[in-house]
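Annotated features in Swiss-Prot:
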DISULFID  CYS237-CYS239  disulfide bond
DISULFID  CYS270-CYS273  disulfide bond
Amino acid sequence: MADYLVKSVAGNEMFRAYAVSATGVVAEAQRRHDTWSAASAALGRSLVGTLLLASSVLKGEEQMTVKINGNGPVGGIVVDGNAKGTVKGYLQHPHVHLPLNDKHKIDVKAAVGTDGFLSVTKDQGVGDPFTGTVALVSGELGEDFTYYLAQSEQIPSAVGLSVFVNDDNSIGVAGGFLVQVLPNATDEAISSLENKLKDMPLVSQLMRDGKSPEDILDLLFDGDVKVLDKMPVKFECDCSKERFAEALMALPKHEVQAMIDEDHGATAVCHFCGDQYQFSERELEAVLSRSKGDA
């Protein structure tokens, strides 16, 4: 199934609902960072959550950075997303594999930890970026994105995030949904949705059964879904050698000189995608001649 996100209004237009298939997105992250199962699930849910959140609160050229750190074994997680369906992300410790939890599922809560925060920084292109931060309430991440929306955006919501990792560490499926309660929603409609959410299978199980994002929304709202938009989603990094050269120019000149004299070159590695950029002595000398850093 191709990776794409669906935007809709649903339930007699009392809810705004989003669903995404993002298996390829998470598989690309797993390939680039060589994540093991628990880390794959944690990073994957973070990528899916950011895709859904960005599509629901951003527009135009706006961007966001989601940071999660629960002081668990995977360490900090950072994901960048935009309104156009593009994400990139990484975590500090990709080689984390843990015993399954009591439901025989990957223990994302243990991997992420619960002693920490989820923060979202929104850059609207004008003025200073705005950051909202909430304490982690679960570590499973779906509930944590839900709590963020309620606390920082004042939007009652439900978020479901799911990643299935195969025995060989490859990504089986990944996806999720986000439902926002609109002001005209009745108590009866909200109660009905809550009951549906309780009885609903995991998104990963639905996707393994061949269900599409549209099918998942239909299941939640008994087919009362009006699709407004569909867009492809992808893992994509905008790093470049030129951007790293600019970063080197901001370093103190003596540090760049040491790279020339002692290391005879430098290798820059992008945290987000793992791509490497080599700088020769001559290239570093050119950087030094244009350096903005102090001596």
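Glycine is no exception: its Cβ is also placed from the backbone N, Cα and C atoms.
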### Summary
Here the Cα-Cα span from CYS270 (disulfide bond) to CYS239 (disulfide bond), rounded to a whole number of angstrom, reaches 7
### Task
Using a 10 Å cut-off, grab the number of neighbouring Cβ atoms around the Cβ of CYS237 (disulfide bond), all chains included.
19
### Message
Return the residues near CYS239 (disulfide bond) by Cβ distance under 8 Å, restricted to its own chain and a separation of at least 6 in sequence.
### Response
CYS270, PHE272, CYS273, ASP275
